[in-house]
Amino acid sequence: MNVNYYPAFILMCGALMILIQLCFKRSHITSYLISGLSLFLALLTQLFLQNHADTSDVLFVLNAQTSFVSLLLLMVVGLIWAQLYHWLKTINEQKEEYYLLFLFTTIGGLIMVSSNHFASFFLGLELMSLSFIGLIAYCGPDQKAQEAGIKYLILSALASAFILMGAAILYLQFGSLSFSNLMPNTSSQILPPWAIITAIIFIFTGLFFKLSLVPCHLWVADLFEGAPLVTAAMLATLSKLAAFIILWRLVTLGHWQQYPIIIDILSMVAIASMFIGNFLGLLQKNLLRLMAYSSIAHFGYLLIVLLLINNNAIEFSSQSFNTQTLFFYLVAYLFTLVGVFSIFMQLPKIKTLDDLAGLFWHHPVIAITLMLLMLSLAGIPLTLGFMAKFYLVMAAVSQQLWLVLSALVLSSIIGLFYYLRVIMAMLKTPADELKLKEINSSGSSLSLNILILFLVIGFGVFPSSLSQFIQQISG
Amino acid sequence: MIPISWVFMLSLSLFVIGLFGVLARRNLLFILISLELMLNAVVILFIAASRYHSASIANSDGQIMYLLILTLAASEIAVGLSLVVHMYRQHHHLDIDKLNKLRD
Amino acid sequence: MTEYASLLALVPLLPLFSALILLFSKLPKLWISIFAVGSVASVALISLFFNVIFWQQSDFVLTASLGTWINIAQLKINFGLYLDPLSLVMITIVSGVGALIHLYSTGFMYQDNDLKRYFTYLNLFVSAMLFLVLADNLLLLYLGWEGVGLCSYLLIGFWYQDRKNNLAANKAFLMTRIGDTAMAIGLFLLFTQLGTLDIQEIQIKAHAVWSLNNDNNTMASLCCLLLLAGAVGKSAQLPLQNWLPDAMAGPTPVSALIHAATMVTAGIYLIARNSQLFQLAPDVLYLVALIGTFTLLLGASAAMVQTDLKRILAYSTISQLGYMFLALGVGAGASAVFHLMTHAFFKALLFLAAGALIYSLHHEHNIFKMGGLLKKLPVVAVSFAIGCAALASLPFTAGFFSKELILAQVIASGHSGLWWAAVLGAFITAFYSARLFFVVFLGQTQLSPNARPTKSMSLALVILSVLSLFGGIHPEGLKSLMPQLDTDGLSTLQHWLPIILPFIAISLAWWLFKTKRFGKPVPAFMQGVHQLVKSGWAFDRLYQTIIVSPFNTLCQVNKDDFIDLFYRLIEKTSGRLHMVFSKFQNGQLRRYNASLILFCILAFAWFISGELML
Amino acid sequence: MTLFILLLMPLLGGLLAWYSERFDADLPKKIALLSLLLCWLPLIPLLSSMPFDASSLPNSQWLIDESYPWIPFFNINAHLALDGLSLLLILLTLLMGLVALSSAWHEITKRTGLFYLNLLWTLAGVIGVFLAIDLFLFFVFWEVMLVPMYFLISIWGYEQRHYAAVKFFIFTQAGGLLMLISLCALVGIHYQQTGILTFDYLILIQNPISGDLAFWVALGFTIAFLVKLPALPFHSWLADAHTQAPTAASVILAAVLLKTGGYGIIRFVLPLFPQASIQLAPFMMLLGVIGIIYGAMMAFVQTDLKRLVAYSSVSHMGFVLLGCFALNIYALQGAIMQMLAHGISTSALFVLVGMIQHRYHTRDLNKLGGLWLNLPKLSAFGLFFGIASLGMPGLGNFVAEFLILVGSFEQYPILTIFAASGLILAAVYSLLLIYKTFFGPIKRPHDSKITDTNTKEWCTLISMCFILIYLGLHPQPFFDLVPITLMKLNFIAADIGALL
């Protein structure tokens, strides 16, 4: 068994342990600890595997880049796990099954992230989607969660169907399902050329649904609002990270960039999601829906990375720099997002902007953290978000993608407005004090905020260590 | 020997029929059924492709994918049906158009 | 010669120091007036001392420098003072008349509780005027020029409670500012063409550069035209003259000092100072003469029909300044400055006498409400009589010598048409000064004076009367500075007509006064013309319609910044776009499925369209 | 290390002030005052050793130059350097910080700790902008100085403070993003042309980029600076930001934040893009002149006192733009002098407006009138600074405007004549300001508890008067301090009028 499978394997054992523990005696704390332990061990092995894993077999590609991504994934899940216990206490449901599904989604993510073959990709995708349905519809009586669960079920099934259809056509054309040899210029032209394009479009539909990019973005706001908070956090970070890595691997390994139409589709979708994502969020009152629309916009920005054609001649458009931009942007965006969701977890009763009123004057630490996270999302300097945007602009400018860049500027200005609205809401004089009184800023959440601040602002002001680490990985 | 493009056209048309089913139907059960139809359409293409390519490269990826898709369809339907039961118990109807509490 | 330099430096600085002391100190009224009058009197003494020293020499130059101001690349400007016969005459007038007016206003303004503010502004004005007159470069002259404008704005609006005074002050400042801006553009042109702003260097370089090839005299005439515009603005000549009558809103000594003796003469000084430059542009000189003539006719005719005492004197100042511009225009700079000197004496006398009148008739301005005051206010009556005589240029008064000289020069320079207009002006001047004297001092008394002018006011009146009578000595230095035209080839008519005319005008006025026709309303058909002339040939209404109201409506229309509306439009459209997109989010699952398929269809359609076009 | 201390002092001072609010209410302002005074320490040795006569100009342009590695991958380093121009502007910043502090002393009562934190952090950001030589660091400071100013306006402002604060933030951010793109493009092109990847201004200036893309990059930079220096099409944020900001914030905004735009043009646009700025010059000068006239016309009809002063600074900044792009030595010196003089005269006007608002709780010109009777000292200062703002000779503004107009006359005479008409319009709105507030009949019943200027206000205003007079009568040390000749502005025609 290849040493690189150990992290997934450990998580699998963790899940089994929880199952066995369920049979004997239901105790929330033990399942919490088991899942925590398995996650921690998986993280350690992943760290250990970081510097000498470079084998690749049929189903999985296990080089430095994928191990970095799975490391990032595990760290994000670890951060979400840290607040799971407090949040679950407030839910009057069976607690232990949540950890089970939680671990299964992580395993699905790990598989999907390092997959190099349609089979493994499909396996990971389904494992993650189905366990997500469970996570979403977890709270029985809550009608919104039910509705969200049904929507996610139907839509993800539809998306998988599209991806499979695309895979099937490509398999018919190229005879193999692994990503690396989807070379377009084979001798035998089995299917008419438009068939390959339709296959790619079908796969794009499925993946764009997962990434909630513009034409298929309608579901994400309802899911964020309907699903329980932690599930929404997982959806925002885990499923989108895995889907984007797959999209990136498909486009780069499969050299889909030299089809001019793919470049057009990608740039149109990127520009559309930047604008529509930001316009949707403009006057949005519900905080979670706001975060959903901002994630549409951010993945619109990230799509620019796929438009960059690697040629090592120009300084900032070499293969390694494009991957660095991708990873840096993912790290920055995911950490900021996890930070925002952990803040929301600490403010249970607060759902809309008006509830936020006066938070700054009652709980300064939480308010300042949320403020800095909003600035990081907006891309104001001295935050991680700005460094990510700087990488992106450097890469795009060196390839003279002026249309996309102007869209980036205009949409981030529009985006700036609703990030400022959140900050503005916190500064307003509070309408009713009681809602703010109930927030018990306990010790553990304070330390978590400090950690998030360290990640977002620390790396924002001194990004050299992070950028060096990413530079080594992307080779 | 039936030319592969015929099979391709068959699976594509089946796929589109399933797609139409998902869009047109309002009842959740029928949506699940048409989803099943779409997955079967894909399966046909995989089997045909694997059969077509078996001459040149002796790989049976297609068949393995078929097995995977079947298991997926089964587990998906299981979860779907549990949601259907749950929905019926709460709403006493299966019309998904009425499920629009989550809106902007 | 240099030991006097420090003395020269004192001349402009003394009033400035006293103004600063008055500003920051809390002195009692007596000390305030002592400081104010003392500083200007000492400057008068210094200028007298300079007069005595330089009495024989006709071409002396005394310079002093107070340090560098701006020194970048070519632009080297320092606070340099330059004394020569022309500026000597000017500082003697400014400080002499200024000291007398300060003395007079200690009495006139004594009850006013804002005395400190009054004397600060007055001293500041005198120091600015001295800077203007003594400046050796045009930028320092411009500093004095604007300083004088500022002080006149502050002093006109001295009684700030009354809305009318403030508007008059704003009008005065803005109209002079228009002239100043034109002059500033002249400065820029001079600097870019000649590379220097030093007055003497300009004269030399101008002659070197422009007289060589007479084709680009246009540049010289352009510079002179712009400087002329500045002079016209400051000396209230034709296009920009209707601020002076409204400037009478200020206290009377202020009108005497600023709007009769000193500030309004700054324009004449500017042209006289740059006479060599103006020589290079004969067409501009002729324009100066034309402006002078038209202004003198306008001023004289308007003064003839006024009823307000101070407005008559204001319009008469405008017309006398017209004479000086005429003299400058025909190239008789020296006679212009000579008339400036005599005019300063008798016009200041008239204003101060009018001030005494107003002071004693509890602020009455309308002359037809006064009458028969000869017996009641003897000193004021006598000084007023001497002033009117000098104004009408009766023989053996100071006015006579200077005006005759100008008329002779005009004839000598061959402009007979201008001469006839000047003579007509002289006739009307004599007529309205006589009318003024008869209406105010003869006939039966309507208002009886309740206060008598104080000692200091009477002293100032007496000294000025003496000066108006015997002040007609033509300063020697001026003749050498600016060439004179020989005036012996005159025909008898041209020699005797200007001397007889005043007597005819006075007898006409006496006849009209005797038949009680002065106060009567004008017959119907003359009503329109009378009103037109009374309002100073309707220049106020003219500027109101062409400049002020269009500018006002233009600004009001754009009150809230149409560019801002553009940004508000963006704000509204983005709000509406938000509404449009959020309408899609209506929670219908089947609509979400459709969105997925929509992407496929659109992508495929794009692909097909791409294919078909190839 | 002195420059970093100068930068860190306000930051730490701010934090301390905020923390000290727990102990007692008026400790923060004392700490803020202390930290501002401490900021002068690093500059004292510099000022004393500075040779104030033109003979011994410092040989190299930079008085202090410090650089530490920051992001090695892009070889960005935290490179701060001080030359004559930035020394002048930093002195202005510190001075205006003190003025803002004095005007906020009694006015701000609630949440004072946070107020002084934001105040000092804005100052730190601005000092950073004036010192930063590394383009990336400059951009970081450019954006970061906005955040505390946004809080100043949105928490302590007046009625529509949120709208004004957001508008201010978004306008400048849009400009900033445009600058980010042109910054990256500049570095990219420079790398292609010379093979050196650097963000350092000193290296970039060695061989400025050329070509048509350079024109667009220069335009990107200029637009970002035009938004900050409110030039015409992007000026509408200034009026709202000023009317809704508290006095101290609008003093800082008027005196210092507007100058970062002018400083940016002189420091980055002119030297880095010589050909492009020659091509851009006529349009920008036209924009400047339109700005002058448009600002004056707008100021003329405003009924709100602060809006009037805000639009007047749009007009003054039009002069700065005209001066910068006239591309000759007089106009450039004039532009720098105008930035200093305008900084002082407009912030003094804002302090006065703040004092009037503090006493009469209104800024509406129709309700104010005849203040001279009850508040003679305050009205005297109002008169002085109103006159200064219309450009009275003997005060700083005149020297600046004269130099700008002389410089630009040599390039485009007709354009300068229109700009000179701005002088008349400046007189129009300044006299209107003075007449409507201080003269005229008294409209409000005089209650005795409204006092005239107290000693603190008197001292700040009188010191500003003396500075303006010193600027007007003896500007020479300020001209010697800015070694234009040392800068790479070789295309400036220094020999005007040498026709002989």
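Placed from the backbone N, Cα and C atoms, the Cβ positions cover glycine too.
Under the heading domain 'NADH:quinone oxidoreductase/Mrp antiporter transmembrane', TrEMBL lists D:132-421.
The transmembrane segment feature in TrEMBL is assigned to D:80-101 (among others). Non-local neighbours of the transmembrane segment (D:80-101) in the same chain are 3-4, 6-7, 10, 29, 32-33, 36-37, 39-40, 43, 46, 61-67, 116, 119-120, 123, 126-128, 130-133, 137, 202, 247-249, 251-252, 255-256, 259, 263, 266-267, 336, 339-340, 343-344, 347-348, 351, 460, 464, 467, 478, 481-483; each lies 6+ residues outside the stretch with a CB under 8 Å from one of its CB atoms.
Residues or ranges marked as transmembrane segment in TrEMBL: D:113-133 (among others).
What TrEMBL lists as transmembrane segment is D:139-158 (among others).
For D:170-193 (among others), the entry in TrEMBL reads transmembrane segment.
Below 8 angstroms of C-beta separation, residues 142, 171-172, 174-176, 178-179, 181-183, 185-186, 189, 257-262, 264-265, 268-269, 272-273, 275-277, 279-280, 284, 287-288, 290-291, 294, 313-314, 317-318, 320-321 of the same chain, each at least six residues beyond the ends of the transmembrane segment (D:213-234), sit close to that stretch. Here TrEMBL flags D:213-234 (among others) as transmembrane segment.
Proximity of distant same-chain residues to the transmembrane segment (D:246-266), defined by a Cβ-Cβ separation under 8 Å and at least 6 residues beyond the stretch ends, is recorded for 85-86, 89, 92-93, 96-97, 99-101, 103-104, 107-108, 115, 119, 122-123, 126, 129-130, 142, 145, 149, 152-153, 156-158, 221-222, 224-230, 238, 306, 309-310, 313, 317, 320-321, 324-325, 332, 335-336, 339, 342-344, 346-347, 350-351, 353-354, 357-358. The transmembrane segment annotation in TrEMBL covers D:246-266 (among others).
Within its own chain, the transmembrane segment (D:278-301) is flanked in space by residues 215, 218-219, 222, 226, 230-233, 235, 239, 269, 307-309, 311-327, 408, 411-412, 415, 418-419, 421-422, 425-426, 428-429, 432, 491, which lie at least six positions past its ends and keep a Cβ under 8 Å from the stretch. Among the features that TrEMBL reports, transmembrane segment is placed at D:278-301 (among others).
What TrEMBL records for D:308-330 (among others) is transmembrane segment. Nonlocal intrachain contacts for the transmembrane segment (D:308-330), taken as residues 6+ away from its ends with a CB within less than 8 angstroms of a stretch CB, comprise 226, 229-232, 235, 238-239, 241-243, 254, 258, 261-262, 265-266, 269-270, 277-278, 280-281, 284-285, 287-296, 298-299, 302, 338-339, 342, 346, 349-350, 353, 365, 389, 397, 400-401, 403-404, 406-408, 410-412, 415, 419, 422, 425-426, 429-430, 432-433, 484, 489, 491-494, 496.
For D:336-357 (among others), the entry in TrEMBL reads transmembrane segment. Same-chain residues lying 6 or more positions outside the transmembrane segment (D:336-357) and placing a CB less than 8 Å from one of its CB atoms are 85, 88-89, 92, 95-96, 99-100, 102-103, 107, 242, 246-248, 250-251, 254-256, 258-259, 262-263, 266, 305-306, 309, 312-313, 316-317, 319-320, 323, 363, 368, 371, 378, 381-382, 385-386, 388-389, 395-397, 399-401, 403-404, 433, 437, 453, 457, 460-461, 464-465, 467-468, 471-472, 475, 478-479, 482.
Taken from TrEMBL, the feature transmembrane segment applies to D:378-400 (among others). Proximity of distant same-chain residues to the transmembrane segment (D:378-400), defined by a Cβ-Cβ separation under 8 Å and at least 6 residues beyond the stretch ends, is recorded for 312, 316, 319, 323, 334-335, 337-338, 340-342, 344-346, 348-349, 352, 355-356, 371-372, 423, 426-427, 430-431, 433-434, 437-438, 452-453, 457, 461, 464-465, 467-469, 471-473, 475.
Listed as Cβ neighbours of the transmembrane segment (D:412-435) (distance under 8 Å, sequence separation of 6 or more from its ends, same chain) are residues 282, 285-286, 288-289, 292-293, 296-297, 299-300, 305, 308-309, 311-312, 315, 318-319, 322, 326, 349, 382-383, 386-387, 389-391, 401, 404-405. As annotated by TrEMBL, transmembrane segment applies to D:412-435 (among others).
Summarising the annotation, TrEMBL assigns transmembrane segment to D:455-473 (among others).
Count of Cβ pairs under 8 Å against the transmembrane segment (D:170-193): among D:113-133, D:139-158, D:455-473, the largest is for D:139-158.
Cβ atoms under 8 Å from those of the transmembrane segment (D:113-133) belong to residues 3, 6-11, 13-15, 17-22, 28-29, 31-32, 35-36, 39, 65, 67, 79-82, 86, 89-90, 93-94, 97, 100-101, 104, 140-142, 144-149, 151-152, 155-156, 200-202, 248-249, 252, 256-257, 260, 263-264 of the same chain, restricted to positions at least 6 beyond its ends. For the transmembrane segment (D:139-158), the residues of the chain that approach it from at least six positions outside its boundaries are 108, 111, 114-115, 117-119, 121-122, 124-126, 128-129, 132, 164-166, 168-169, 172-173, 176, 179-180, 183, 224, 241, 243-246, 248-249, 252-253, 257, 260, 264, judged by C-beta separation under 8 angstroms.
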